[in-house]
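S.K.: Got a structure for you, written out below as structure tokens; questions coming shortly.
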Amino acid sequence: MDLKNKTVMVVGTGISGIGAVDLLNKVGADCILYDGNEKLDRQKVQEKLGDNKAEIIIGAFDEALLSKIDLLVISPGVPIDSPIVLTFKNAGIPVWGEIELAYNYDKGKIIAITGTNGKTTTTALVGQIIAAYNEKTFVVGNIGNSYTGEVLKTSEDSYTVAEISSFQLETVHEFHPIVSAILNITPDHLNRHHTMECYAWTKERISENQTKADTCVLNLEDKYLTDFAPECKANVVWFSSERKPSVGAYVDGEMIKYTDGTNDYDMLNVHDMNLLGKHNYENVCAAIAMTKAAGIPDDIIIEQVKKFKAVEHRIEYVATKNGVDYYNDSKGTNPEAAVKAIEAMVKPTILIGGGYDKGSEFDLYVKAFKDKVKLLVLIGQTSAKIADTCKKYGFENIEYADSMEQVVDICAKNAVSGDAVLLSPACASWGMFDNYEQRGRIFKDLVNNL
């Protein structure tokens, strides 16, 4: 859609909304920036806009404006069943998210990654591999820069490697990657998607516009994805940490291999990698399958996998203080992600958990404590819920904190040389922190100042 001289309303005044306005200004659209939060300071919103131009509307929305608006662009935090979105849909006005908006201007090849866990690490690794092959590579999403901020730099010979959330996939229409991947589907964001079936369907939309000329990489150990595979419109390639697939990357003992269906190829030994944990073997297998599908030579793939180091906030080594290793896994925002971090620990571990309640259950989280966790330090809204689950399974060594400062103090006082301290909350950061990045960086600053 050519948006020049069209009137576009953007909902949300956060990073995503401001980024959308910036792109729309550059392509010649007329913008309205709307946020229903009446408490917002108009002047601060104007300052966020900088040199960008948009009519700012805060609070109530006048439906008389509908007749002049050609397109609604919503931020990921705006549910598609919210009143403002339904008003536009009922009026027959298209509703896009930031992914669809950016895709409208992407001239290059797109590689897109989603999944409940592992997105950031896999996106970073795929981005590093592709960039070693072609310097015109843009890594976008929760990692790196925003898609809307980078898209006008793309060209016919460029690559975009995009990390995409379920919230963003709710609003795709024509988005078409040449290679997509769904890493896994486990319970998350059920306060938004309501059911696992709806959540899984939303994730699967990443391949909705693909054809058999494209590739969709799926996890052979995920039942949602093995059930989805026959319906997938793309050519399916698998990855697995447990067994050899028909076609794809897999772990065989200490070797990561690739099979094309006829021949098997050794890629690298797991001990040649800098990443901790079995879940990272899965991430590497997914990245290998994706980059081979994109036509990247094996020698470049192997070299970059060996060079790759953990991303910030994902089982990130922070420091050793008084013989105690501290790890930041603030990106572990659901129980399944946190379990993988716990499993990666090889020393007696003091675990920091809790945060905003997304409707998760914590049984798997607590079950993972056995023979791993010596003390649990709880913080945030879910403290009582997690503690109740601990009682259910007989885990009683729990302390509580009201701030990250208290958390780190408790950990430092209880840890002995040879222990590990792991921040892997199994919950979102909202309420106490702006985002998981802020939570992780505050933790790291406090640890480094011990």
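Using N, Cα and C of the backbone, Cβ positions are placed for all residues, glycine too.
Just lifted these from Swiss-Prot, have a look:
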BINDING   Gly115, Thr116, Asn117, Gly118, Lys119, Thr120, Thr121  ATP binding site
S.K.: Other residues near the ATP site, CB within 8 A of the CB centroid of Gly115, Thr116, Asn117, Gly118, Lys119, Thr120, Thr121?
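M.R.: Nearby residues not in the site list: Ile113, Thr122, Leu183, Asn184, Asn283, Ala337.
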S.K.: What same-chain residues, at least 6 away in sequence, bring their CB to under 8 Å of the CB of Lys119 (ATP binding site)?
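M.R.: Those within reach of Lys119 (ATP binding site), by Cβ under 8 Å and sequence separation of 6 or more, are Ile113, Gly141, Asn142, Glu163, Ile164, Ser165, Leu183.
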S.K.: Is Lys119 (ATP binding site) helix, strand or coil when read with DSSP?
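M.R.: The residue in question, Lys119 (ATP binding site), is helix (DSSP, three-state).
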S.K.: Counting other Cβ atoms within 10 Å, pick out the least crowded of the binding-site residues Thr116, Asn117, Thr120, Thr121.
M.R.: Thr120
S.K.: Just jot down the residues in the same chain as Gly118 (ATP binding site), at least 6 apart in sequence, with C-beta under 8 A of its C-beta; none if empty.
M.R.: Leu183, Asn184, His279, Glu282, Asn283, Ala286
S.K.: If you draw a 10 Å sphere around the Cβ of Gly115 (ATP binding site), how many other Cβ atoms fall inside it, taking every protein chain shown into account?
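M.R.: Summing over all protein chains shown, Gly115 (ATP binding site) has 27 other Cβ atoms within 10 Å.
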